[in-house]
Amino acid sequence: MKDLVKFLKAQSKSNDDFDVIKIGLASPDKIRSWSFGEVKKPETINYRTFKPERDGLFCARIFGPVKDYECLCGKYKRLKHRGVICEKCGVEVTQTKVRRDRMGHIELACPVAHIWFLKSLPSRIGLILDMPLRDIERVLYFESYVVTEPGMTDLEKNQLLTEEQFLDAEERWGDEFEAKMGAEGIQALLRDMDLEHQCEMMREELQETNSETKRKKITKRLKLLEAFQQSGNKPEWMVMTVLPVLPPDLRPLVPLDGGRFATSDLNDLYRRVINRNNRLKRLLDLVAPDIIVRNEKRMLQKSVDALLDNGRRGRAITGSNKRPLKSLADMIKGKQGRFRQNLLGKRVDYSGRSVITVGPYLHLHQCGLPKKMALELFRPFIYSKLESRGIASTIKAAKKMVEREEPIVWDILAEVIREHPILLNRAPTLHRLGIQAFEPILIEGKAIQLHPLVCAAFNADFDGDQMAVHVPLTLEAQLEARALMMSTNNVLSPASGDPIIVPSQDVVLGLYYMTREKVNAKGEGMYFLDPREAEKAYRTGQAELHARVKVRITEHVKNEAGELVAETKLLDTTIGRAILWMIAPKGMPFKVFNQTLGKKAISKLINESYRRLGLKESVILADQIMYTGFAYAARSGASVGIDDMVIPAQKHEIIRAAEAEVAEIQEQFNSGLVTAGERYNKVIDIWAAANERVAKAMMENLSTEEVINREGNPEKQASFNSIFMMADSGARGSAAQIRQLAGMRGLMARPDGSIIETPITANFREGLNVLQYFISTHGARKGLADTALKTANSGYLTRRLVDVAQDLVITEDDCGTHEGIVMTPLIEGGDVKEALRDRVLGRVVAEDVLKPGTEEVLIPRNTLIDEKWCDVIDAESVDVIKVRSVVTCNTDFGVCAKCYGRDLARGHLINQGEAVGVIAAQSIGEPGTQLTMRTFHIGGAASAAAKESSIQVKNAGTIKLTNAKFVTNKEGKIVLTSRNTELTVIDTFGRTKENYKVPYGAVLSKNDGAEVAVGEVVANWDPHTMPVISEVSGRIQFSDIVDGLTVTRQTDELTGLSSIVVQDVGERATAGKDLRPALRLVDAQGNDILIPGTDVAAQYFLPGKAIVTLDDGAEIEVGEALARIPQESVGTKDITGGLPRVADLFEARKPKEPAILAEISGIVSFGKETKGKRRLVITPAEGEAFEEMIPKWRQLNVFEGEMVQRGDVISDGAETPHDILRLRGVHAVTDYIVNEVQEVYRLQGVKINDKHIEVIVRQMLRKAVITNAYDSEFLEGEQVEVSRVKIANRKRAEEGKPLVEFERELLGITKASLATESFISAASFQETTRVLTEAAVAGKRDELRGLKENVIVGRLIPAGTGFAYHQARAKKRSQPEQAVAFEAPVAKANGFATDADIEAEFEFVADDATQSLAALLNAGDEE
């Protein structure tokens, strides 16, 4: 028995000691070396005896015995014959398990090209031979000959010959040359490749060539050839002569009842190959006619293709049921493939699932577990306890007792469960809070009870949701569950750092009701000794809950030394608030409780508690708040009745007025005064305004009521209307929903997003008529359809994000960089979108922050900014801070803790080993389902914002203009002549309060540096037309303005004024094509006037559609408009919103009509125009001018002679992130992506920290393109990981060589995932075949750095608790002699069973996981 145990141990010790996985091409010899014998027959098993046929696909001699330790003929049975090979049937006596890993092989009668290297684009064989895929296919499938050895003839190598040409050549030259057909020909060509010589030639060619396309092509080919050279793969191995056969247990054949068999598709495919191969061998032996042999070879090629990748070429081979057979490639790719189905996600034992119900009496760390479930889940633990106590003699007896559910079993179950945490998971697990640990409480019934406060994290409700339970078995797993996953340790959300354990719904309503005050309630004005007395008064009915009273409150406040000091004061409060104060922990101020508590206030309260008192107190407080909230929600008796929906009296009046206005607009339309579009927009604006007015009247009506106070005078107070209370507290519902209940439903949208102009004037209390109901079905159904689509899309986005960021882990404490990104408050228009304190909270300062206006250091470099520092920033009114960021972090693999900053879910500097990439991906993906799917049309209600025509400031302060060029008109007002001018209002402390974009041609009433008062209008402009502003005074002279040729005259019927409209180039007659209509300004003598400060003449070219109202020779003053260009195109552009917008940003997609940016700084001019385009020329102060062709229909933001800076917008449109990166750098593109993504989430009210988006941006920027390689290992134009270039450059700097020059490249997340260094990770993501093909040809090595790779090979991940294990491994690798010491104590660590124990209990087998975890624990000890 002893040696059996040793033998078993040896068997289980798998080859786990590798650090790299290399993939390559298998040579024929390699395949033979794996093989245990050749499969010669297509037979599988004998259908009578069910024994495998000899030499067949399931042959026991090749693949091993069918029964454990028993040969096929039955001569040798039992363990004692282990290792004997039976002389009769030739089967080795061993475990059946070997049938899972012993391979066979098939000797192919002729070579066959591997379809992956042929058809997976770009074709590797094609690339290496430099032949088109078409040609190679014609050779392979026997349509043409290829010349393999031209000899002395005038044929060329690799030349294709048709049958006729081949015969002609043979007649002409005899056997001077060699030409072959089929895979043999291709193999011969590949074998003759001289890689070194080819590489040298390519390098020379690369030096000489100038054409960009040729360069790219050569680089591609060169990379492939070099990969072949370095990896030791030989090109001819891409053509197979030996085919490996998968072990039989991986392609099983199972007899069903009724004499039929269920089989894996692979067996059919292998059978086909063997049949054809054998037939071909026979034909070759018989020396059959060429055409027959060829046909057979072609069929063999096709059957091998189908085996490897069915359906890749031609039609897929189908089985008996018309379904394509599942080939080897299909086994590994896709959601059901090996990677995603079995390696990345496995099903686990010790789990159960059930419906969830509420457990309002539980503590936060508890959950209710049905007894039945617990008994089943903790079975083994119960068995072992029963046995060790001597209650049951054997495991079998224990099993019986448990099945009979004897009373003692329940006692033992309770003991086992004590302090054994379990994991609860609700699908879909969108972020890490979707799995949390709880301590089980045994309950009757069959539903799991869940604590109400963790519902937000799980996104659970109790309308039938189910949850899964998992039991952590090993000590280590229990430890992790308790220390890291316990619900009490996850109070803050990792996405935003705000509390996620926040009361909602009933609890909020209860607390809100409890803390409201009421005028003249019973007991008003009483005095109480302490909150206990106030409660007594309430319980005995002496005072109402809402009564305003004075209570003596004892607060415990921290003093300077940090000790709690008691302070007692008599304070104004209400009974309810005093009662609530009784649950407050010491150290919280009373003012936090002494207010009406809505949802936001409660969230703040818990946050405050967490920051002041720490985790434990906050969790206790949260629980107490919940119990109190439920109790008082029940007492409040708040409910919804139809009379609570009070319809405002003014409603009918408002609607009547709106209808009258609409009728008036319709009149105007009928008489032709307004266009159809204008009428539609105006009607929608009227109804939107009416809706607002009704809503306002309704809310005023609902939210306040008039009561008589103690003095007998009327006084307004907030109403106790149930519906209003629910919305006001944030418990349920919103003003928008109440508006539909008691106001009017308003405008509805069609499914395409356009707004129906007849609104629904009724509300739900009045009820809708048929027409109104019909209109509203549109929106409702669209909502449902959207939701279904949204879930799938959001899940896919999350998957892509996780994939791109999965290997980003905190690997060191400080990378030492001085770089960072500059943070300022986000201000749009007159309101601060996000204050500076919120943006820098939890970040590390990159360089000293100085006190504004002095040289004194306020915050030193490398300080982590916490709440206290934020107060300092506010007090000193700092408005710009440079903070460290993940994007600028210098760590090679991973990120450093200082560049990341605070761990949002814990509130301190992040620990090493934290998987920040995955957290970022989850934080961005999880709210994805809340984002909308639709694209917004600016139309009607939405366009109110777009049509601004003036700026009215909200704060007093000083005006500051940036990027401003202007002229002063005769009234002394300033007229802007620059494009992207920004107007900022700065307060007395120098803080930016407001920020506006001002368009070209706006008239400003204040200059730079002027003071403004609140509500002053500082700028106005015409929103519908863009003027052309004259920068000088003079006389107008028309140039190229010819009636009927370049312009048309229009006379306005109403006013009788005539104007000239410039025609578009496309609409002009041929004679007018080259004319360029312009207005020139001349002085009295007719000479050109120069624009001040330049030597450019003042002439203004007019684009198509421009309207000129002045006549030739008219006098004009400076700052007046020469012409106007109508801006009608603005109203129709779609704004992509919601989820698709986020996906577009992360995929770095180029928009349809991207903004055109200036590539260099210089002066703009226009060159010769072509048919549909105009030529833009930018001439810099020195160096080459830059030319670009721009389509005519693009509206340009620049006139001729204007000066632009590199990266300025020349033509409006959506900016392309690639352009921003190229022209403005990494910081600008980070800013752009972060702000754009945040914009979408902010609209939905979702809070995500910028850090997470930056993490993804870092991953999108991890590749660079080499622009100057010097003599390094890189090629120019090659795409390389930035970290690799940096490492190489550090080395080169030490050697004093010039540094390799590179440009950062922005990749979309899908591209970036596929371009990762690790081929295992890329293959398990998408396009498995392509990734594996590429990796195999290049002989890639996977260093197993990321998380996915390690999960796939079954290791601990190099993050979290596995981080130490991997560091220990790395240490061990560098000092091999200590390896023994590291391995030795493994067995003792967990007190694993000794040999004797195993003999007694033969059923127990230790698995690898427990061993590796034990090793992990030791790794920690050793360090």
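Every residue, even glycine, has its Cβ placed from backbone N, Cα and C.
What Swiss-Prot says about this protein:
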BINDING   CYS71, CYS73, CYS86, CYS89  Zn(2+) 1 binding site
BINDING   ASP461, ASP463, ASP465  Mg(2+) binding site
BINDING   CYS815, CYS889, CYS896, CYS899  Zn(2+) 2 binding site
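Of all Cβ atoms in the shown protein chains, 11 besides its own fall within 10 Å of the Cβ of ASP461 (Mg(2+) binding site). Sequence-distant neighbours of CYS89 (Zn(2+) 1 binding site) (same chain, 6+ residues apart, CB-CB distance under 8 A): ARG54, ALA60, ARG61, CYS71, LEU72, CYS73, LYS75. Take the Cα of CYS815 (Zn(2+) 2 binding site) and measure to each of the binding-site residues CYS86, ASP463, ASP465: the nearest one is ASP465. Over all protein chains present, the Cβ of CYS71 (Zn(2+) 1 binding site) has 25 other Cβ atoms lying within 10 Å. By neighbour count, meaning other C-beta atoms within 10 Å, the densest spot among the binding-site residues ASP463, ASP465 is ASP465.
Residues CYS71, CYS73, CYS86, CYS89 make up the record's Zn(2+) 1 site, and a Cβ search at 8 Å around their centroid adds ALA60, LEU72, GLY74, LYS75, TYR76, GLU87, LYS88, GLY90, VAL91 from the same chain. Of the listed binding-site residues, namely CYS73, CYS86, the sparsest Cβ surroundings within 10 Å are found at CYS73. With respect to their backbone Cα atoms, ASP463 (Mg(2+) binding site) and CYS899 (Zn(2+) 2 binding site) stand 44 Å from each other. If you measure from the Cα atom of CYS86 (Zn(2+) 1 binding site) to that of ASP465 (Mg(2+) binding site), you get 59 Å.
Considering only the binding-site residues CYS815, CYS889, CYS896, CYS899, the Cβ with the fewest other Cβ atoms within 10 Å is that of CYS815. Classification of CYS899 (Zn(2+) 2 binding site) by DSSP places it within a helix. Each residue contributes its Cα atom, and for CYS896 (Zn(2+) 2 binding site) and ASP465 (Mg(2+) binding site) these two points are 40 Å apart. Of the recorded residues, ASP465 (Mg(2+) binding site) and CYS899 (Zn(2+) 2 binding site) place their C-alpha atoms 40 Å from one another.
The Mg(2+) site is set by ASP461, ASP463, ASP465; from the centre of their CB atoms, other residues of the chain with a CB within 8 Å are ILE356, ALA460, PHE462, GLY464.
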